[in-house]
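A.B. asks: Features from Swiss-Prot:
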| type | residues | note |
| --- | --- | --- |
| ACT_SITE | His48 | active site, proton acceptor |
| ACT_SITE | Glu75 | active site, proton acceptor |
| ACT_SITE | His196 | active site, proton donor |
| BINDING | Asn12, Arg23, Gly197, Gly218, His219 | 3-amino-2-oxopropyl phosphate binding site |
| BINDING | Asp14, His15, Arg50, His55, Thr105 | 1-deoxy-D-xylulose 5-phosphate binding site |
| SITE | Glu156 | site 'Transition state stabilizer' |
Amino acid sequence: MNTQTALRLGVNIDHIATIRQARGTPYPDLVEAVRIVEEAGADIITLHLREDRRHIQDRDVEMLRERITTGMNLEMAATEEMQAIALRIRPQACCIVPERREELTTEGGLDVLGQEARLKAFCAPLLAAGIEVSLFVEPDLAHLDAALRIGAPVVELHTGAYASAAPGPDREAHLERIVAAAAHGHARGLVVNAGHGLDYENVLPIAAIPVMHELNIGHAIVARALFTGIGEAVRAMRAAMDRARR
């Protein structure tokens with residue numbers, strides 16, 4: 001029996017906003033960027049409203065909620081402020097991530113084991129509002145089991161350690177953890193996504209995991225867009241993911 005699921009591409013637009021915020025200009029226009037990204041094959045648009053507002057701004061979330069035609073995946077910390085924003089904006093999906101002001105980017109998965117009760121209470125009103133809630137977790141079986149107890153229907157596996165490892169035994173070991181975690185979560189009814197640090201090469205083994213549902217990728221796509229344009233960068237990532245599934 002073929003258990004392979006259709007693989008979705010979530011394009012993270014944070015670093016398009018980073019370029020805008022570097023000079024405080026009205027460009028690049030995120031609405032136009034999203035239009036091109038969606039036409040090029042993105043299945044969902046991901047954006048992270050950080051507490052320090054270093055790239056995505058509140059007005060972006062409000063405006064894009066009305067303009068995105070595929071779906072909005074709002075990444076956010078588990079704070080009262082972010083919960084209130086999500087309940088007001090009602091994105092199609094939200095991903096709960098850990099956050100530290102001094103980090104350059106999200107550095108790891110949520111400590112779901114250490115704050116299980118808190119996360120369950122945090123997620124409950126989001127789920128009740130019809131928002132698809134995912135938890136950004138390490139590829140660890142105990143964390144996936146905790147996500148189930150919390151009630152989140154989706155997990156996003158943190159691929160940062162895999163992506164940062166040099167090709168060879170170390171990266172293979174990280175890949176094996178991700179494969180095992182994906183199978184474990186899928187067997188227990190979780191929808192399994194993945195993301196962080198994925199590029200046009202290291203995405204291939206992750207995309208090849210049969211039960212993987214969605215990959216969220218941003219920095220590599222925006223970096224390639226400097227040379228090819230954002231539409232072609234998205235199409236190239238979509239093509240790489242499709243090759244891995246053949």
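Just so you know, glycine gets a Cβ as well, placed from its N, Cα and C.
Could you tell me the structural context for the features on the list?
C.D. replies: All protein chains considered, the CB of His48 (active site, proton acceptor) has 22 other CB atoms within 10 Å.
With a 10 A radius on its CB, Glu75 (active site, proton acceptor) counts 26 other CB atoms from all the protein chains. Following the DSSP three-state reduction, the secondary structure of Glu75 (active site, proton acceptor) is strand.
Its own atom aside, the Cβ of His196 (active site, proton donor) has 26 Cβ atoms within 10 angstroms in the protein chains shown. His196 (active site, proton donor) falls outside any helix or strand according to DSSP and counts as coil.
Counting Cβ atoms from all protein chains shown, Asn12 (3-amino-2-oxopropyl phosphate binding site) has 25 others lying within 10 Å of its own Cβ.
For Arg50 (1-deoxy-D-xylulose 5-phosphate binding site), the same-chain residues that are 6 or more apart in sequence and have a Cβ closer than 8 Å to its Cβ are Ile56, Ala77, Glu99. Under the DSSP three-state reduction, Arg50 (1-deoxy-D-xylulose 5-phosphate binding site) is assigned to coil, being neither helix nor strand.
Cβ neighbours of Glu156 (site 'Transition state stabilizer') (same chain, under 8 Å, six or more residues apart in sequence): Cys95, Ser134, Leu135, Phe136, Val137, Asn193, Ala194, Gly195, Glu214, Asn216. According to its DSSP assignment, Glu156 (site 'Transition state stabilizer') is in a strand.
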A.B. asks: Quick one: Cα separation, Gly218 (3-amino-2-oxopropyl phosphate binding site) versus Asp14 (1-deoxy-D-xylulose 5-phosphate binding site), in Å?
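C.D. replies: Approximately 7 Å lies between the Cα of Gly218 (3-amino-2-oxopropyl phosphate binding site) and that of Asp14 (1-deoxy-D-xylulose 5-phosphate binding site).
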A.B. asks: Enter the number of other CB atoms within 10 angstroms of the CB of His15 (1-deoxy-D-xylulose 5-phosphate binding site).
C.D. replies: 17
A.B. asks: Of Asn12, Asp14, Arg23, Gly197, which binding-site residues come within 10 Å of His48 (active site, proton acceptor), going by C-alpha to C-alpha distance?
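C.D. replies: The binding-site residues close to His48 (active site, proton acceptor) (Cα within 10 Å), listed in sequence order, are Asn12, Asp14.
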A.B. asks: With the cut-off set at 10 Å between Cβ atoms, which of these binding-site residues ends up with the most neighbours? Options: Gly197, Gly218.
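C.D. replies: Result for the most crowded candidate: Gly218.
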A.B. asks: Which one of the binding-site residues (Arg23, His55, His219) has its C-beta surrounded by the most other C-beta atoms within 10 angstroms?
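C.D. replies: Its Cβ has the most other Cβ atoms within 10 Å: His55.
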A.B. asks: Record lists Asn12, Arg23, Gly197, Gly218, His219 as binding 3-amino-2-oxopropyl phosphate; longest Cα-Cα distance in Å?
C.D. replies: 25
